[in-house]
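Quick notes on the structure that follows.
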Amino acid sequence: MRDYDEVTAFLGEWGPFQRLIFFLLSASIIPNGFNGMSIVFLAGTPEHRCLVPHTVNLSSAWRNHSIPLETKDGRQVPQKCRRYRLATIANFSELGLEPGRDVDLEQLEQESCLDGWEYDKDVFLSTIVTEWDLVCKDDWKAPLTTSLFFVGVLMGSFISGQLSDRFGRKNVLFLTMGMQTGFSFLQVFSVNFEMFTVLFVLVGMGQISNYVAAFVLGTEILSKSIRIIFATLGVCIFYAFGFMVLPLFAYFIRDWRMLLLALTVPGVLCGALWWFIPESPRWLISQGRIKEAEVIIRKAAKINGIVAPSTIFDPSELQDLNSTKPQLHHIYDLIRTRNIRVITIMSIILWLTISVGYFGLSLDTPNLHGDIYVNCFLLAAVEVPAYVLAWLLLQYLPRRYSISAALFLGGSVLLFMQLVPSELFYLSTALVMVGKFGITSAYSMVYVYTAELYPTVVRNMGVGVSSTASRLGSILSPYFVYLGAYDRFLPYILMGSLTILTAILTLFFPESFGVPLPDTIDQMLRVKGIKQWQIQSQTRMQKDGEESPTVLKSTAF
């Protein structure tokens, strides 16, 4: 009995067909990069202060002193959410009294921004913040928008796999690509914050579903050696490229509606890939559509300049994976023994912390010193060497040491930021870049590591639960950034501390480097780095009469 890889081995590893699929599927991820992070510019909060209407009769002196001052980073700056009571200062102005000389400003009554705000337009012409006044008492709405986008990502991650299993990888890929682009287009016509946010949730659902479908399609079409590079480098680097393109669009288009409209164009262009990307032959075979799968393989052979055998898929020889009797496993198996329970809990913590760090630093771009467009580009560009380093580390070094070192690097530089003098803001920005580099490397490696830790029978569930924890981390990340409004260093202190603690925790994971993938939960206990012993205890009073499980005792460093 031959499996799919053996049957299609005549196509070769890296011919023109494989290169075409590799680059086209990777290119389909580019819109994901800028759609996911576009909120950095769509919801940018410019400098603002209370609006003082021109209809109010104030002298120039009183108009210049109509906003109270506050101390921020050692400087006196106008308050953003308060002004002196206009009726009072208008009366003083009419009487000819001068602010500061005749009137003690500290004793004046204040009021909220009853007439709205005026916004600085040096960086943004308009954002959803300036359009719907998402500042002061409503400043929580901007991070909520981002969190709800990631809620959409979480929802999409639940349904994308089921949809692609039922309707095909290619159909779901282009359907969700259209969903992402279409709802982004509809956001342009949002009439209020609520409409924008609901549509953004749907964009998030389409974004992750598109990503998952492209990922699965590539891993099923490409050969064993190439699919590893595709999974660790291809989709990741093209995602980073999309992220790098975002500030270029935003620099030249500073109105949020026009920016959104421009960002939908690449998604529309990706629709042309329908005529070049085939359906997964593996999926077609699983559906009994062998003739269609054979047509695709023969076309691939023609592109590669190879003569295909007269019969490619012989139903009597092809190993049908669906014919094997499925074993029933449920989520309880992830906590059935002490060993797998400890690994599951630690994996959840690891994924959640990495996600908070990755998305927190990406979304924190507006709070960095310097040009927001340059900083955004650098935060995206630093991901490329991070992915390359992660791939090299996965090839040659133990997993837990590599991930722990990357996290320790990212966390330590974030903690060090609070010690940097305010005048050395370039150093602070450089430290954020290094932190993003370390956390991104860990993010890339943790996918492979988690899949290697879990046995075949529960691998999808294990990775799925961990990935869900990652989505929860991304939902929380905007509020880590939001804390920067109270203390500039607080987000970095929290993210840095969590990252370093997780780096230490990672050292207690079992090592999977160079070890065959476990197939059963019992085999999982024999992964290199775990010392085992059998708990000797009284016979359990259970109906199924199971033996006491082998548990995690210690980890050899």
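Quick reminder: no glycine exception, Cβ is built from N, Cα and C everywhere.
Membrane topology of ILE306 relative to ASP371, as recorded in Swiss-Prot: opposite sides. For the residues ASN64, ASN322, the entry in Swiss-Prot flags N-linked glycosylation site at a single position: ASN64. Per Swiss-Prot, the range carrying the annotation transmembrane segment out of 295-315, 463-483 is 463-483. Below 8 A, the CB atoms of the transmembrane segment (489-509) and the transmembrane segment (407-427) form 3+ pairs separated by six or more positions in the chain. For the transmembrane segment (374-394), same-chain residues at least 6 beyond its ends with a Cβ under 8 Å from one of its own Cβ atoms are 33, 37, 40-41, 229, 232-233, 236-237, 239-241, 243-244, 246-248, 250, 361-362, 365, 368, 402, 406, 429, 432-433, 436-438, 440-442, 444-445, 448.
On the 0 to 100 pLDDT scale, the topological domain 'Cytoplasmic' (219-232) averages 79 in this prediction. By the Cβ criterion (distance under 8 Å, sequence gap of 6 or more), the transmembrane segment (258-278) is not counted as touching the transmembrane segment (143-163), fewer than 3 such pairs being found.
Here the topological domain 'Cytoplasmic' (1-20) has Cβ contacts under 8 Å with residues 221-226, 276, 281-282, 285, 297, 300-301, 303-306, 308-309, 312-313, 317-319, 321 of the same chain, all six or more residues outside its ends. Within the same chain, the transmembrane segment (173-193) packs against the transmembrane segment (21-41): three or more Cβ pairs sit under 8 Å, each pair at least 6 residues apart. For the transmembrane segment (463-483), the partner stretch with the most Cβ pairs below 8 Å, chosen from 21-41, 143-163, 198-218, 233-253, is 143-163. With a cut-off of 8 Å between Cβ atoms, the residues of this chain six or more beyond the topological domain 'Cytoplasmic' (164-172) that come close are 209, 212-213, 216-217, 220, 274, 277-280, 283-284, 287.
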